[in-house]
Amino acid sequence: LSQNISSLISKNLFERILVHRNDRACGAKGFYTYEAFITATKTFAAFGTTGDTNTRNKEIAAFLAQTSHETTGGWATAPDGPYSWGYCYNREQGSPGDYCASSQQWPCAPGKKYFGRGPIQISYNYNYGAAGSAIGVNLLNNPDLVANDAVVSFKTALWFWMTAQQPKPSAHDVITGRWSPSVADSAPGRVPGFGVITNIINGGMECNSGSNALMDNRIGFYRRYCQILGVDPGNNLDCANQRPFG
């Protein structure tokens, strides 16, 4: 199945999409490799292998776009445009806090911080715990692995992408057309498309408030990547009029 992924996204395409990630200005330069991405996808066999070629390409574009927004080093007048600077960082910038929430199932380890790391910027002990359990790595005790081991890093992002967290569907099911909105979803405007994936990831901050720069940045990456991969981005790209999930 991993062969299917590499037949859709070659190393050459990967380099074109994430063209500036190894720029000297990028904190994660040298970290995110094509080989680590392909290796990580083997753990999540349905990723990029579900549906027809068009659907599969759209999923790859959507995943790389959402994660590029989370890790971008781009700015408005950046060389090759702001959407050529995804995967510039692998840890939250600034002085992030502990991101420790009370949890019986996934208690924080002493002295460990669970700030954003990796392509999806996984945050909080309960996400590190659940992701680590799913991929067979103790991330509660070793959260820095997500910024030190590129395969583990990609796996945490793929885990988030492939896993539904109630009441939200998985991003995978949305982009592959497997999610049908319930009445409770349709009334608040949550319809299939790239926009509802933004809602899944960060709806409370970015959705149901008209146009905003964060939401538009995600769409910008997605349009560029769809163009490179030769697919139509589809409808419902924004979440401007979608209420966040409960």
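The count begins at 1 with the first shown residue.
From the backbone N, Cα and C atoms, a Cβ is placed for every residue, glycine too.
Just so you know, the Cβ of CYS26 (disulfide bond) picks up 21 other Cβ atoms within 10 Å once every protein chain is counted. Secondary structure at CYS26 (disulfide bond), taken from DSSP and collapsed to helix, strand or coil, is coil. Residues annotated as disulfide bond in Swiss-Prot, with similarity to another entry given as evidence: CYS26-CYS88 (among others).
Annotation comment: Swiss-Prot describes GLU70 as active site, proton donor, evidence class similarity to another entry. Taking a C-beta cut-off of under 8 angstroms and a sequence separation of 6 or more, GLU70 (active site, proton donor) has the following same-chain neighbours: GLY116, PRO119, ILE120, GLN121, ILE201. DSSP assigns GLU70 (active site, proton donor) to a helical segment in the three-state reduction.
If you take the C-beta of CYS108 (disulfide bond) and look for same-chain residues 6 or more apart in sequence within under 8 angstroms, you find ASP98, CYS100, TYR114, ASN125, LEU140. DSSP assigns CYS108 (disulfide bond) to coil, not to a helix or a strand. Feature annotation from Swiss-Prot assigns disulfide bond to CYS100-CYS108 (among others).
Summarising the annotation, Swiss-Prot assigns disulfide bond to CYS207-CYS239 (among others). All protein chains included, CYS207 (disulfide bond) registers 28 other Cβ atoms within 10 Å of its own Cβ.
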Tell me, how many other CB atoms lie within 10 A of the CB of CYS100 (disulfide bond), whichever protein chain they belong to?
15
Cα-Cα, whole number of Å: CYS88 (disulfide bond) versus CYS207 (disulfide bond)?
25
Take the Cβ of CYS239 (disulfide bond) and count every other Cβ within 10 Å, whichever protein chain it belongs to.
30
